[in-house]
């Protein structure tokens, strides 16, 4: 059995899930999904704990009224069962894993007294509604539905009544315990036709409010099953209503698809206050006193608002699209940068907060790196330009126009900060000389026929190696700008690394193999099966070269022993393909980024850190052993030649000459 890698922290929030952000009833924790992991974060201390048990992306999450239970559902592949997990919040442990639904869990709801859990399947599950006994973990009642159902919600004062929001209407459901059935009554909307999305029920179970894709809100009298009023009176919400919240005085908080958050008056059904947020509003969760609330948006931002004026305060932010690259500054572990669609973000590694955002609209950043002196961030973009920014202000320093025709896909910098080596999607590797005012192309080396995925430079800046999708890795001479050696394999190379001793290369790609190469003659020494399922995209190696890390389409971070070629640790948490991995300069953490926009910070295992310490100890002892005979020989020399020392005292010039010859001999 492989040991589990411990998650140290995560940066991310799957904002596209409706009502995915929940403030726990204790008013101290917020709960939200990130890929296949549920994150429980303390609001003040920002300490994180994780609920891990799903093997695919979480699709829905809910918390019981008392806060004792958390329930989560996932999506899975066609034909497979989708799990529901009921968690004990205090113990942070799994209570039940419920298996009946297929492909997707659409909605979950706890009953008033926390006796039952209602779960709703997707279209592939025939929109099956199942009511579960929480204590026993068994299914009690179930019924399919012809129309697609978007949400199911228990009443606030009853364990036997629910509301189901269908695409074409709304149903009031009652559990018939005698006949073991679920009875349904359709709400009468007359001639009005809408596509319904969400529901919010008032505390007394008299009225409920349903949002629609058209952008209006229906008020429904629940005992009569008829609709009473429509809101807003004049202007509809753009891009539909995604979520609703109710205040104690009856006012409605509406979250719209265009990013508007609005308060609608209960009496007049008109908008009283509103604010614009970044991304469509998907979650609304109130504090216990209803004075403030959190909202989550589709662009993975978390805001804190007051219920009076709806003034937004940005509390948390992260990537919402695929992350392409991650980089640390040279020998500095407190800060790292990530690149994604539209922007580069610089993060504080300790408190996981965003320090800087560099935005270039409508473009994608494919590669990012810090110069060794830390004075600039260099990046490659989909428009073919290389852009350099100041790391503190984010101000643009310079742009290399038309660096590559169809986008700059990879880049790296030399250790003297005078050159950038970049690779493009058309296969060219180019060397740029960076001056104070000028950026000059020194050479364009065209031998690859496919996209250049990775470039690495040797420490002496005399050679570089590039990995391409055409199935070749080429070692280049950076003085004569010619090919030194070429490595061929029937694969799309995704990553290439120099071993710290620079005598070997490590490559990976679409054939799922991790290959060791000899740099002297270009021969493959060893091949490992990096994954059983998908291609391996990312590699990172420790400073000593004793261990390396891999990740790819199997969504697992794997830690390997370099000499043994054995995988010792495995980390699960990503719900998308892992695109890049790096190890912090202090060797204490591993950072992996994925296609779902998540950043996972993994703790380097103690056994690996201890192994490094043990490696360093014998070298110190050996140095001591070597120094002992040298000291003895020096003592003998001094005893033999006392006259020389007396002459040195009288002649300082001779002393300096003798010391110079000694140092040169050494």
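Every residue number used here counts from 1 along the chain in the order it is shown.
Backbone N, Cα and C define each Cβ position, glycine as well.
As annotated by TrEMBL, repeat 'WD' applies to 401-442, 445-486, 529-560, 571-604. Marked as region 'Disordered' by TrEMBL: 620-666. As annotated by TrEMBL, compositional bias 'Low complexity' applies to 621-648, 655-666.
Residue counts for the repeat 'WD' (571-604) by DSSP state, with H, G and I taken as helix and E and B as strand, are 0 helix, 19 strand, 15 coil.
In the predicted model, the repeat 'WD' (445-486) has a mean pLDDT of 93. Secondary structure of the repeat 'WD' (529-560), assigned with DSSP and counted as helix (H, G, I), strand (E, B) and coil, comes to 0 helix, 18 strand, 14 coil. According to DSSP, the secondary structure content of the repeat 'WD' (401-442) in residues is 0 helix, 23 strand, 19 coil.
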